[in-house]
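Novice: The feature domain 'Ferritin-like diiron' is assigned by Swiss-Prot to 7-156. Marked as Fe cation 1 binding site by Swiss-Prot: E24, E59, H62. Residues or ranges marked as Fe cation 2 binding site by Swiss-Prot on the basis of similarity to another entry: E59, E104, Q138.
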Amino acid sequence: MDSQVRQNYHRDCEAAVNRMINMELFASYSYTSMAFYFSRDDVALPGFAHFFKENSEEEREHADKLLTFQNSRGGRIFLQDIKKPERDEWGSGLDALQSSLQLEKNVNQALLDLHKIASDHTDPHMCDFLETHYLNEQVESIKKLGDFITNLSRMDAVKNKMAEYLFDKHTMGGKN
């Protein structure tokens, strides 16, 4: 049954929103994996664990916003299987941040692609929604991750575990 509230909402936009929901849930799932990896007793970096747990919750909120948007536009939600994260072991904090940066770049590209689909189908509501709730936030997240990676690299954190510990404690807010 078609929605009575649907107006100027192209089927391509609807399908792309469903794919974006899946990508946001995958990102949340990946960040959950990272969070609990860093809270393991043999890794024990609580600042990284907290940072990735917050990112997981943020990505889940992004998915929820898209689900709400889909319903408000009269679209239909078709959830897909959520892919397993690319790894179970995330290595050092630097390794995980590099994976996180790539994940955020992938999400950003998917959002830009979604914006293009909306623009191509003259959907100003979707364009405004993406610009208001997602695009700037993605750029800020990418910048923050890049800064973290630069600082950890500068401290040679892969070889210097004390640097990683201090970064976790002072930058990521880790408490024992």
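Here the Cβ of each residue, glycine as well, is placed from N, Cα and C on the backbone.
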Novice: Using an 8 Å cut-off from the Cβ centroid of E24, E59, H62, can you name the remaining same-chain residues around the Fe cation 1 site, in sequence order?
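Specialist: Once E24, E59, H62 are set aside, the remaining close residues are M23, L25, A27, S28, E58, R60, E61, A63, L66, V107.
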Novice: Can you tell which of the binding-site residues (E24, E59, H62, E104, Q138) has the fewest other C-beta atoms within 10 angstroms of its C-beta?
Specialist: Q138
Novice: Using DSSP, tally how many residues of the domain 'Ferritin-like diiron' (7-156) sit in helix, strand and coil.
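Specialist: Here the numbers are 114 helix, 0 strand, 36 coil.
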Novice: Please report how many Å separate the Cα atom of E24 (Fe cation 1 binding site) from that of Q138 (Fe cation 2 binding site), as a whole number.
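Specialist: Given the Cα positions, E24 (Fe cation 1 binding site) is 12 Å from Q138 (Fe cation 2 binding site).
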Novice: Between E104 (Fe cation 2 binding site) and H62 (Fe cation 1 binding site), how many Å separate their Cα atoms?
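Specialist: Given the Cα positions, E104 (Fe cation 2 binding site) is 13 Å from H62 (Fe cation 1 binding site).
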Novice: Average pLDDT across the domain 'Ferritin-like diiron' (7-156)?
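Specialist: Overall, the domain 'Ferritin-like diiron' (7-156) comes to a mean pLDDT of 97.
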